[in-house]
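Okay, structure first, notes after.
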Amino acid sequence: MIMSVPLFHGSIVALLTPMTHGEVNYQEIKNLVEYHIQAGSHGIVAMGTTGESTTLSIDEHVKVIKKTVEFADGRIPIIAGSGSNATSEAVTITKLLNGVGVVGCLSVVPYYNKPTQEGLYLHYKAIAESTELPQILYNVPSRTGCDLKPETIGRLSEIPNIIGVKEATGDLTRLPLIKTLAGEDFIFLSGDDATGLESMKLGGQGVISVTNNLAAADMAKMCELVLAGNFAEAEAINQRLIDLHHDLFIEANPIPVKWAAYKLGLISEPSLRLPLTPLSETAQPTILKALQKAGLI
């Protein structure tokens, strides 16, 4: 391992990308970075799924990451979303991030083209060999249509700068298996807010969180409590947030979280780029109810 675990722990926000009339609003990114620093978030992922990376150009993608690093100014670790379903493009993006100031990269399993496990191994090997930046694998089969198997994760863990995985399967049985195959030092970050607390109780180091966009202080406190072994207090916070954990996926992420952030005044409009469309009117009462239960409104 080439990085220490504390850089990748606790409540790491999967940061949304504010837009005004469909264009990236960098001032609002700056505002969000300040919000997360003040709230005690343990890290920021820029340009992940929640950040709408798939609807931005490569130039926009890299600029958002660079500006996020600039705004953070060393006060909070920034992890860059850098994946693609084309290995060559993922390598290109990763190389562009060398020297930018991110602490590592989060690289999603190639989507749509459904590679074999050997193809996935070679994909990640090529990316890792193109950089010295620490790499975190990102497994989210519900979106990609392809599952990175624990056995393949174990193989990939032998590559020095592949240091961890974001598991968004919600399947807690995978955690001990991955730890067995990849080693106890291999970082396990939950990509599923609903099971994030339980994954940390089982030995995971944290959660890359959508809910954190709205409830940053609560998520940070919950993670700190569970990692310190204070499970009852952590569970009390988690129960207030549990409806958000689920309902922020009532429509495709980041549609609900952008609308919720707008309602909370964190961004000026819930603008998205097609093919993503605004939250439907029928879904809005569900999100409002979850925000109320969380004590956010």
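Even glycines carry a Cβ here, placed using N, Cα and C.
For Y138, the entry in Swiss-Prot reads active site, proton donor/acceptor. Under the heading active site, schiff-base intermediate with substrate, Swiss-Prot lists K166. According to Swiss-Prot, the pyruvate binding site annotation covers T50, I208, on the basis of sequence analysis. Residues or ranges marked as site 'Part of a proton relay during catalysis' by Swiss-Prot: T49, Y112.
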Spatial neighbours of Y138 (active site, proton donor/acceptor), counting only the recorded positions T50, Y112, K166 and Cα distances within 10 Å: K166
Cα-to-Cα gap, T50 (pyruvate binding site) vs K166 (active site, schiff-base intermediate with substrate), nearest whole Å: 14
Distance, T49 (site 'Part of a proton relay during catalysis') to the residue listed as 'active site, schiff-base intermediate with substrate' (CA atoms, angstrom): 12
Neighbouring C-beta atoms (10 Å sphere around the C-beta of I208 (pyruvate binding site)): 29
Alpha-carbon distance [I208 (pyruvate binding site); T49 (site 'Part of a proton relay during catalysis')] in Å: 11
Cβ atoms near the residue listed as 'active site, proton donor/acceptor' (within 10 Å, other residues, all chains): 27
For T50 (pyruvate binding site), the number of other Cβ atoms found within 10 Å of its own Cβ: 24
Other C-beta atoms that fall within 10 angstroms of the C-beta of K166 (active site, schiff-base intermediate with substrate): 27
